[in-house]
Amino acid sequence: MAQSTTYSRVLGTGSYLPPNRVSNQDLAARLAKQGIETSDEWIVARTGIHARHFAEPDVTTSDLALIASQRAIEAADVDPQAIDLIIVATSTPDFVFPSTACLLQNKLGIKNNGAAFDVQAVCSGFAYAVATADSFIRSGQHRTALVVGAETFSRILDFNDRTTCVLFGDGAGAVVLQASDEPGVLASALHADGSHSNILCTPGNVNGGIVQGSAFLHMDGQAVFKLAVNVLEKVAVEALQKADLQPEQIDWLIPHQANIRIMQSTCRKLGLPQERMVVTVHEHGNTSAASIPLALDVAVRDGRIQRGHNVLIEGVGGGFTWGASVIRY
């Protein structure tokens, strides 16, 4: 008798944006007070971003993750106590330790002593977290996973640097994965190249209670753009080959929402019409690890993504890291 294959299937999605919406005009006015010139036209032309959301000072990454997770759990219609694995992808945790995942587990009231840990792969974080949870579920080690991407990038932005502070925003997205005989996550591909660590980083660190070096995000925009458009196409093709699918069989492409030009380039290289790409960067900005699950939840809730659709998610971020997963929703 043939042994059945166990997949991890998406049961539900959820997301949350802090209510403070900051338009390009709002940001330009803030920067003008510091003698820094920018404009809505300048930002939109280079990034496609019109607005982003910033969390209030007393709101943490785990707070954003909590609301997104509650919405995903409700959509999945699962008992929170059945969740035996929590993975949070974030580069802006509440603390150095404990992990944001452990804080989230407690805030959700989950008392089953299931595993909880963070994944740090910056803007590739959600792709890394999905692949990790999928492996745990396929192995039989865990059955029901909560996978979250959550960020408060506004805390590490240098508002004297108009090339970076206009790009990023705060938010959270989540999915519930569960073991199933039905295909769900079909294939994943993950990669990294640490030789590019200096082109997107926060170079400072805390030593003896003092921040040594810069605590703010640093980015070489041209180098990131060049590397991103190259690796995103390759990792997408690799994941599709592992899933035994052709690009034209993809119903929806959900790339990391960093820059509309990078996203459109990847879509063109895969031969997909732009209409099959989910775009939220115009309203969300770059929310790092939260961007993919935020976009996924938007497209699920507005009815674009239906059961049985093939969805390709892909991310690229500091490290340098990149990854993709093919998911049958």
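All positions are counted from 1 along the displayed chain.
Cβ coordinates are placed from backbone N, Cα and C, and glycine is handled just like the others.
The region 'ACP-binding' annotation in Swiss-Prot falls on one of the ranges 117-121, 122-126, 182-186, 257-261, namely 257-261. Across the structure, CYS123 (active site) and HIS256 (active site) place their CA atoms 7 angstrom apart. Recorded residues HIS256 (active site) and ASN286 (active site) have their alpha carbons 8 Å apart, per Cα-Cα distance.
Least crowded of the active-site residues (CYS123, HIS256, ASN286), judged by neighbouring Cβ atoms within 10 Å of its own Cβ: ASN286.
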